[in-house]
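One structure below.
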Amino acid sequence: MSARRVTLNTRVSRASTSTPVGGASTSSRVGATSPTSPTRTSRQQEKEELQHLNDRLACYIDRMRNLENENSRLTQELNLAQDTVNRETSNLKAVYEKELAAARKLLDETAKEKAKLEIDIKRLWEENDDLKPRLDKKTKEATVAENNARLYENRYNEVNGKYNQSLADRKKFEDQAKELALENERLRRQLDDLRKQLEAETLARVDLENQNQSLREELAFKDQVHTQELTETRSRRQIEISEIDGRLSRQYEAKLQQSLQELRDQYEGQMRINREEIELLYDNEIQNLKAAANRAAQGSALATEEVRLMRTKIDGLNAKLQNLEDTNAGLNARIRELENLLDTERQRHNQYIASLEAELQRMRDEMAHQLQEYQGLMDIKVSLDLEIAAYDKLLCGEERRLNIESPGRPTTDSGISSNGSHLTASASSRSGRVTPSGRRSATPGISGSSAVKRRRTVIDESEDRTLSEYSVNAAAKGDLEIIEADVEGRFIKLHNKGTEEINLTGWQLTRIAGDEELAFKFSRGSKVLGGASVTIWSVDAGTAHDPPNNLVMKKKWPVANSMRSVLANADKEDVASYDRVRANVSSHTSRHRSSGTPSTGFTLGSGAGSTGVRSLFSLLF
């Protein structure tokens, strides 16, 4: 509390001169030469008394005339001063009312703008909250698309590797097919040679079979001829035997039989040897031909089977290669489509992110601009409050000095609460000291006197003013928020902006004020309904305990210049906070005025709006 010192020095000097209007004082001298009678003596005394009374009456009349003239002059001066004061007061009142109306209009516009800004900020926060999930969703979709693109790219690399491997296998199989074709051609030529050999062997076999048949027929013919010759020889020998001695016949027959048997054995042995040789040679040739034919047939069949298998394998590989080429073409088309889609999605996502960032930047710039405008309006309002308060003090002082009855005015609170700021003006006291000093000298004459007055008043005033400003910052993660925390530590108010009921069992509300900290833990069964509020009162607030909307704790909330209120849930996670910081703003005002020509100057110290106060007071006074 700063003191306001007012020093009023009044110096009044008046010089009066007495101008005799008529008559002179006569001294009655009573001669002692003649004897006086009592009647004469009484008459002389009465005459002297009448003369003295006449002199006094003349002085009184002169004094009354002077006083009436002075009174008339003072009345005119007073009327002129009253007219001047009334005119100045009317002008001051008009200017004050005009400035007050403008200030009220500006305050209303500021309140409307503040409400509009709060609505816009809330809408922007809601839009931001709505856009954040969409941004997260789009980011997740972009991440999934990138993962799919990488997956498809990996698949494409695998398919491309398989395709390259298939091309290598195809080239290898083509080389093998060429080698097999050459081998097949060689085997075909070998088969032709074997067929020719088989035909030659078949011809040789036929020739051998014909020779064998010829030899058999020849042998049969010789056997028949031999048998016929034997028969003829027997018949001749029989005839001869019949003619020879029986003994000789028997010897001869025995010898003949032996010779024939030897000859037969010889021929049969020779025939058997020849037959065995022929059969062995034939069998060998046949076996060789069969083996060669089997080898040729097996080689041809193997070559044919290999050619068929190779053709089948080549056809399968060609079909597989065609399928792989078709699959590769489809995958390439799909990859190009996905790449185009991914590029489009990336461009759209980047454009969306850019638009969101531009919108957020625009919103930040707009919020910063609106906050600057609001800060300017708050500064203007503070300066206007200071000007209005100083003007009200000065006007009250002038009204008291001029004994002007002013109509009752509603007192306005100097506290301001707007958009998280609270201003409180500390009451300022003003002490004044009026020191009138004057000098009046008058020389009364017999017939009267005239007086001239000069009055001069010097007033020095100074005023110190201190204002306290509270800046508020509130934040909430869920539906439950802290909407108000009393600066005097009487209560803290919570509000559920959602529609569902919130169970407060295990929740804790902590107040940190300077070095002091106090925690209030909600009891079991505490809750707050949707759209409702709950207030936690200090023990000295004088409020009854009425759950669930009014809760009274056993202690008092601490108070300091910097206060922080934090609401934590049952998991010890902070869900809401409310910060209030106090800042002091001081101002100094000085005023100097004289009674001749009012001249006033004001100087504001560190308070805001000193230029406006100076200009306003220069305009008013």
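Numbering starts at 1 and runs along the chain as it is shown here.
Heads up, the Cβ atoms here are built off N, Cα and C, so glycines get one too.
Between the listed residues T435, T443, Swiss-Prot assigns phosphothreonine to T443, with no corresponding entry for the rest in that record. Motif 'Nuclear localization signal' is the annotation Swiss-Prot gives to one range among 51-56, 453-458, 585-590, and that range is 453-458. Confidence across the region 'Head' (1-47), taken as the mean pLDDT and rounded to a whole number, stands at 46. Helix first, then strand, then coil: DSSP counts for the region 'Coil 1B' (96-233) stand at 138 helix, 0 strand, 0 coil. With helix defined as DSSP H, G or I and strand as E or B, the region 'Coil 2' (258-403) counts 145 helix, 0 strand, 1 coil.
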